[in-house]
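Here is the structure we will look at.
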Amino acid sequence: MPLGQRAGDKSESRYCGVEVLDFPAGEELPAVLSHSLSSSFDFLLAPLVDPDYRPTPGSVLPVAASDLVLGPAQWSSHIVGKISEWIDLDAEDEQLRLDSEITLKQEIAWASHLSLQACVLPPPKRSSCANYARVVNHILQGLTNLQLWLRIPLEKSEPMDEDHDGAKDNSDMSDTVDSWEWWNSFRLLCEHSSQLCVALDVLSTLPSMNSLGRWFGEPVRAAILQTNAFLTNARGYPCLSKRHQKLLTGFFNHSVQVIISGRSNHNVSQGGVLSGDENHTEDTAVRHALSPYLDYIAYIYQRMDPLPEQERFEINYRDFLQSPLQPLMDNLEAQTYETFEKDTVKYTQYQRAIAKALVDRVSDDDVSTTKTVLMVVGAGRGPLVRASLQAAEETGRKLKVYAVEKNPNAVITLHSLIKLEGWESLVTIISSDMRCWEAPEKADILVSELLGSFGDNELSPECLDGAQRFLKPDGISIPSSYTSFIEPITASKLHNDIKAHKDIAHFETAYVVKLHRIARLAPTQSVFTFDHPNPSPNASNQRYTKLKFEIPQETGSCLVHGFAGYFDAVLYKDVHLGIEPNTATPNMFSWFPIFFPLRKPIYVPSKTPIEVHFWRCCGATKVWYEWAVTAPSPSPIHNSNGRSYWVGL
């Protein structure tokens, strides 16, 4: 059964499995499964084949049991296959290498026959695992519904035996091996297959938090938690260190399932808990030997805070790639307007900014004689009109509003709103593109909500430059400035989703995405800034910048799949709005981050900076971005001349 109820969480991380250490021969598997399920485990990680088996001509695979001992739903829902651990496809012994290849293919074929959802592959036995990866890659090309989880120890381990001799002669060589490197090498050899995932062995010691953080951008499906990783509390029960608890919470938040593995190291006498045999099946009333460990895992899960309401709303958008809006080329639909209008935080910030501007514009002595002219450019269905009039009421200032909107469908709704609220004497509706309209008078305040996830990516600079002629020389623009930011990320899922399109164009497109399964590798840095009113209205809005990101040394090596983009806007003075992680406006959902992918992920060795170049390019009919990495290795210039992705003027 699930570890517990956590409001809003429907992910697979609610389910906990147990590793079967001994081969359940003959008809034992149903009893082992029944005992585990009755003890509140949800599935087994179980060997499918006798570990003593070696292939011989004409031999029959000594499987754990006939496929008939469990029903199809039980095989699919409650069994994860464990491939024989003796398999060594990079052994120097040729016979062992050949036997390993035959057995691996036989076991995967049997798992496919059983309709298992996943099989766990044994960890690489040495740093060089090219033949292992080659055989697995062959197998992956023939699989449809079966995932292969490569087992990787989550530790900074000593060098493998074959590497010791070389280390003696190289004083610069590190005395530790980063197990992430094993995974990365294997994944690259297998061409980033979306069906190749990771099962992390969590031991008693852990690398640094920065090093651990890399794994949240990788396709980790399970954390195999060893019983020797547990400590003992004052009452004799198993517990985890603070660092292990934090890691476990991170796994739960990233939909990673926990599998408990090992022998019981705690003699907990509670309801007949056994102290030794985790496969005991004789008395179903007796709790599983590893139940105390499961109880503790459930305790960690249940004490997590419920998912915030905003996260629950956004959960179905996690890591889902969307094309950015084209508000100039396209007219937004009613549903899109409605979604944005529900973002009360955004309009509260706008109202605060407008109120401050009104107070600065009109002194208390002049409130009865001065009427402020305010233009909302891109009025949509009227939320900024409402915010402006509420700010005027709040500050006691008189206001004359022009609502300029190019979408004729939105104008219909805008007319209805004005009539319903009785604002006919206060608001003049202009059905026109702001770049074409000739205003009858100059504005004191120009208000717009033309910002995209990257700040300028929905052409706010071009629109506001065109509307700036409406503004008095000392007029106020809200927003007054905005800055874009980027950071390098590991995002294996996003990369594989784009790769599935099998073309270059999708790798040269920027996507709006609710980032979830990612690893943030370095702090954000600013890219482009635009100010309004524009002090040089005739200057080009083209931009170019070069940035260098330093990845913390303790992180180790990493793989960069692309760059996450954000913005921060100054609406007026100290009132800001944005999604840049360090300064993000809380509880605002109008914008997800933007993602700029790389056609080929960039491997970044430890202690090596990343150098990236970004261009904002402008043509007669479109605006587009180009981007490229030049260090530690050069990438192609993405989206050259806007060939794959652009925003139409």
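Including glycine, each Cβ sits where the backbone N, Cα and C put it.
What Swiss-Prot records for the protein site is E449, E458, and among F320, F340, F563, F589 the residue it adds there is F340. Range 491-507 is the one annotated as region 'Dimerization', of 321-337, 406-422, 491-507 (source: Swiss-Prot).
The two recorded residues, E449 (active site, proton donor/acceptor) and F340 (protein binding site), have Cα atoms 11 Å apart. The Cβ of E458 (active site, proton donor/acceptor) lies under 8 Å from the Cβ of P324, L325, Q326, P327, L328, L450, L451, G452, V647, each on the same chain and at least six residues away in sequence.
It is F340, among the recorded positions F340, E449, whose Cβ has the fewest other Cβ atoms within 10 Å in the structure shown.
Among the record's protein binders, F340, E449, E458, no two C-alpha atoms are more than 15 Å apart, and one pair sits at exactly that spread. Mapped onto DSSP classes, the region 'Dimerization' (491-507) shows 11 helix, 0 strand, 6 coil.
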